[in-house]
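Asks: One structure, pasted below without further comment.
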Amino acid sequence: ALCRGRIVRVPPGPLIRVVGTEVAIPCSVSDYDGPSEQNFDWEFSRDTDFVRIVSTWDSTFTSEEYQKRVGRGDIKLRRSSNDAVELVIRNIQPADQGRYKCSTPSTDATVQGNYDAEVQVKVISDGLSVSGSKARSSTSLRLSEGDSFKLRCSATTTSPEHTHLHVTWQVRSGSSWRDILSLTHEGKFQPGPGYEERYRSGDIRLDTGANDTYRLSVSQASSADGGAYRCLVSEWVRGADDSWQKIQEKSVEIATVSIQRTGECSWWALNVSVTERDSLDLTCNITTDRSGIFQAEVMWYFSASPDDTLSDAQLLLSMDHDSVVSDSTLISLSHVDRNSYRLLVRDVDVEDSGYYFCEAAIWVPLHNGSWHKVVERTSAPVSVLVTALEPDYDVFLNASKTPKFSDDPTELNCRITNVQDTEANIRFSVSWYYRQRLPGDDAEPEELLASMDADWALLPGDRGRERIQNGEIILSKKSADTFSLRIQWTSESDRGDYFCVISAWSRHRNNSWVKSKDVASASVNIFWATQDYTLTVEAVKLKPFFVAGHTFEMTCKVSSKNIKTPRYSVLITAEKPLADQSSPNGTTRIISLNQDSVVRLEDWTDQTRVDGVVLEKVQENEFRYRMYQTQISDAGLYRCMVTAWSPGGGGMWREAVNGLSNPIQIDFQTSGPVFNVSVHSDSPTIYQGEVADLLCIVTMEGMPLEPDDMSFDVSWFAVRSFALDREPILLASLDRRGIVTQGRRNGSSELSLERISPLEFRLRVHACEDQDFGNHYCLVTPWVRSATGVWQREPDIRAKPIFLSVKMDVLNAFKYPLLIGIGLATAIGLLSCLIGYCSSRWCCKKEVQETRRERRRLMSMEMD
């Protein structure tokens, strides 16, 4: 295990071989260095000296006594791989018995391992004899299907070694031999491929008898058992490594067996056509050359394909060899004569179309009274076509009600006429289709509105599903031959071609319904002339001149054409100036009134004037809008957006057309003051924990006002970024009544907002933190009292932001940690000195006794 070297191997000996046979002695080498392909030398010795036989690399290696045998090819080397060869000796003789040595020339860098190996070969005489039975009179057997036969062979050996025999029976059908059954050298029975089931059932047996005979018994012979039979015997011996080795093999042909077919199944015809509801009559004829007593077993099968096997086919009916017939209601099986069997299928259906075939087996009685199946045959399939009985009828479609206007009803009747060849087992259903008519020759594919199945259950299509569920489309069966389609309220999208399809259903034997025929009607066009809807809206300002604080009033008059009994819904909109747009598209929806006269506030957000706008219906086509206590911020263009509605199906209203009025402008001519806003701070950069003061200063230009005639709503916002790229956060607000509202914050700092003068507002941030940094600005909404005493709201004014920076005080931040650290270090040092002093004073004190020494002078070296 600790070293590695070349290893040459030959099989363990002795190798026992039979005289006259071919011997192959393998030799291999492993764990070597050098090229992958190795060379081999073979030598032979009877006593002590070795004689050179053959080499893979030196043609002059062979000794003189072996040159002829090597030249004839009786002795040769057969290479099996780069590192293995076989020494092959044909027709080995007793003189070849001895020791054989395999050696390999060295290709290693160092000499390690073994470079040769020896094996002893022992040559024994041929004592194996194989012969056929002496009792057989002929080598040819002619049998019928279902017969039994037996074949015998004898095999003996007189080998001096302890050998075992392996006996195999084989049959040849063609050019190759197939194994039937073997008795191995280990005493085990082994059936050949394809014979396992017959061996387990006992139809194939191998028995041993006296005088070393081996008997093959075959029962229920079939056509596949025909051919030449031989007995193959091999002799085996156990080697030195306890493995079995085959040393020779002999065979003898015993007999030639031919099997004659004894029965066939056939039809009178291979293609049969019957009409639905008729009877199907098939006869299976069995022909056999077997004489004597026998009974037939017949089974009828049905398959949808002629290529299906028996396992895939459906068993219809069967009759065993005792003439017992399996039960069936519509199918009967009868024995017409000795060789004919009749299958009768009554009341055939379309589903009975397919392929029918019969399987017949012949049974013969045995001597013990039981029955034995000797042959089995399957007929060729017969094709049966069942022609359906299609009823003959026509379909007529007419419109009993056609619309003249939108929302008028439409009713179509689909009638079955000229009905012929119908029975009680025929049922009719209807399918309704719609096809849009396009100009020119173009045609849209038809769309299914609804259909009925065989049970007259309604199946809505994609186009009509929702309207059928809502009751807008009604389908009914008025009589046995009339189906109706009614559209309660017809719209423009319903204009087009309609047609119906009548389906005939036939009842099958299992009470199921199968569609047998479809007949479509001619199409009926639903169309009426229409004119485009027109709607005109006119807005009028009732008071041409007014000032802020007064009531604004305007009316909207509507006129329409080609709309049946219209109703109107009105929406008041306002387009504010660019500086005061509350809507992204510049239009604000103020108040609306629908077709049922229900008023709704839309985008009106002034909570102080919830009741400040009113929209009412003056006449059927006139509406009035009022806005009380108008403000400067109400300036803009006002319009009436009107929608005309016409009555739809089911009491619903359908939108017809929209209209927009001319604009009415509200413009306040004023020479009042102009306000400006700015933000100021004496210290925009502060340290953490300090107080930040921010001032919002309002300046006024133009006409001066008394402090009591003006008021302000002030809101402070912060943007927590340097570039104003984030959403502003509301910090606090102060309305004109002096109520302060603070926004939600996450920090620990506190805010205060106060008015310090009529035009100055101060925001304080107490105990500032890092998160209080950012751009801060104020938003001011001025309120001015007019001469009539009404407060007018001015446009919002936004100040330019100021950036507030919050720094950290490094000295204050580290002062207390440093003092605490120095104090703790000093205390710990003093405590350490005290502990050391006490330990050295009391705990570790040790008494030392000094020895007294005499004081003497040193001697001089001369005296020493």
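Backbone N, Cα and C atoms are what each Cβ position is placed from, and that goes for glycine too.
Unlike curated records, TrEMBL annotations are generated automatically.
Pulled these from TrEMBL:
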type	residues	note
DOMAIN	20-102	domain 'Ig-like'
DOMAIN	105-253	domain 'Ig-like'
DOMAIN	255-360	domain 'Ig-like'
DOMAIN	391-520	domain 'Ig-like'
DOMAIN	673-781	domain 'Ig-like'
TRANSMEM	816-837	transmembrane segment
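Show me how these features fit into the structure around them.
Replies: Look at the domain 'Ig-like' (20-102): DSSP puts its residues at 12 helix, 36 strand, 35 coil.
On the 0 to 100 pLDDT scale, the domain 'Ig-like' (391-520) averages 85 in this prediction.
Summarised by DSSP class, the composition of the domain 'Ig-like' (673-781) is 6 helix, 62 strand, 41 coil.
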Asks: Looking only at the domain 'Ig-like' (255-360), how are its residues distributed among DSSP helix, strand and coil?
Replies: 3 helix, 61 strand, 42 coil
Asks: By DSSP assignment, list the helix, strand and coil residue numbers for the domain 'Ig-like' (105-253), in that order.
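Replies: DSSP classes over the domain 'Ig-like' (105-253) add up to 12 helix, 83 strand, 54 coil.
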